[in-house]
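I'd like to ask you about the structure that follows.
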Amino acid sequence: MKSNRRIKTTQLETVDCKEVTLSNEFADYIADYNGDLVGITQDENIICYEMIDEKYVVVHMERLVENIEPEILEPPSLFGPYGTSSVDAAGILLLHTQPYLRLRGSGVLIGFLDSGIDYTHPAFVYEDNTTKILSIWDQTIQEGIPPINFIYGSEYTQFDINLALQSENPYDVVPSIDETGHGTFNAGVAAGRYVEAEGFVGAAPDAEIIMVKLKPAKEYLRNKYLLNTDAVAYQENDIMLGIKYLMQQASIYGMPLVICMTLGTNQGSHDGTSMLEEYLERVSRRMGYVVVIAAGNETDLGHHYLGMYPEGALFQDVEVNVSENERGFGIQVWAQRPDVYSVGILSPIGNVVPRIAPSVRLKEEFSFVLERTRIYIEYELIEDKSGDQSVIIRFQNPTPGIWTIRVYGDIVVTGEYNIWLDREGWILPGTRFLSPNISTTITVPSTANTPITVGAYNHLDNSIYIGSGRGPTRDERLKPEIVAPGVNVIGPLPDNRYGAMTGTSIAASHVAGASALILQGAIIEGVLRTMSTRTVKHMLSRGAIRRPPIIYPNYEWGFGELNLINSFEMLRGRLD
């Protein structure tokens, strides 16, 4: 089935779906069509659609369309990157040279969805001046040819990249660049070649790389979510299509695939039921595929509040400090069913939004006479995916100072509710809860069930990274499963540079590289061809380093520190 079918025509010509996909005048939605594609696409408001898989489809319609059915069409959440000597600590270097293994990731693909990659960097170029990058799908460049089955962006093959490397001006041939360095760094940590002059080597130096450079979120979504102008944000639908591309490439080349997901958000239920998480869940269950996700860097930022509603109380106040010059921010309240809550709001100068009674679906907008602030509130009594109540509040031009969210218990059985502020980079550092809770600070999509969620630790002093996302998930599952080096790690940066970065994205890149070595040892070498994400996760968990007196597993360290040589020794029966 074509992914870019045009379903609406004018008297003169068919709608250009590429233009619709890219234009800020058209809204994007993800639909859970569940096999009934005809029922979705017959909606006269839908202009174009792009297939993701047998369950999800991206649809596009004019932004002015009202009365959208939320249970069918869902606006994409926004996601941002996490990350600002280490492979030795992770027990990986020994596997590069150990006589009975010699695992370097040969025959395995590692796929990234990120800011792009500096394909001219020595970490990705062989001695004969050819590339180790299999392909790049740059969603931001529209002048080239899109990948087969996709309608936007430009694909650059290994042949194209090699041609560019042999040219006097490589970027005249392949104009894809990495403006932030985040994608280059992560790809290098996972699969960079040995660069003797720098003493650098990635975890899986012989693995091949596929990079999806994600296009920035549309302006209407950035405005809806009140993002700062310099905030980096990508759309959920572009990420899902990027995953589809990675899988398509793995299928074409007949190679096992590791997907390294270094993006996250606080938008969503944090229980694995978002559309992106459900998609990753299905991908992670396929043989020959491993999905690795960064846990996020939110723990020490004061962006999570855990509410325990007092028995018999009339209400409970939750205070949020808002920084000067904050353009806006969002709050998401998630109840534990069967509980139901309603909210009111008090501004720093005493203006009040009175208690809003709960409703199956409700949207309200409020403004104050003496303040520039506008407040948008959305109730969903039974959120379609999780079944729990959600309350989404967005503050535009908020007055600086202490805001109070007044929570009223309408039906209180468990008494527990969670509230998340927007993630780092989207709000100013001083905007935070006055009484935050550091549990359940892992971000979406790292709350997905089967994928491997990775926290970060400092491999130099064996301490947990202070920002490393902590579990459990909102539905009380263990996350993360493993931690890996993620503090002051050295890696490649654009323009042939090297530098240090910190964050769980770096830790996830280590685990992605380690997973590639496992896939080589199991699938490529013919030892265990049924290897999947679940198998790799159990293997890494068993080989992890556990340091007394810490009790494992726990919500900081998971099952312990990544040590791949331990995992392989355990399989060989060599551990005591």
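Each residue, glycine too, has its Cβ placed from N, Cα and C.
Annotations for this protein, taken from TrEMBL, read as follows:
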- Asp114: active site, charge relay system (ACT_SITE)
- His182: active site, charge relay system (ACT_SITE)
- Ser505: active site, charge relay system (ACT_SITE)
- 105-299: domain 'Peptidase S8/S53' (DOMAIN)
- 437-544: domain 'Peptidase S8/S53' (DOMAIN)
Please report the three-state DSSP label of Asp114 (active site, charge relay system).
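DSSP assigns Asp114 (active site, charge relay system) to strand.
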Measuring CB to CB from Asp114 (active site, charge relay system), give everything in the same chain under 8 Å that is also at least six residues away in sequence.
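Residues satisfying the criterion: Pro81, His182, Gly183, Asn186, Ala187, Met211, Val212, Lys213, Leu214, Thr262, Leu263.
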State which of the following active-site residues has the fewest other Cβ atoms within 10 Å around its Cβ: His182, Ser505.
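Relative to the other active-site residues in His182, Ser505, His182 has the fewest Cβ atoms within 10 Å.
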Please work out the helix, strand and coil residue numbers for the domain 'Peptidase S8/S53' (437-544) from the DSSP assignment.
32 helix, 24 strand, 52 coil
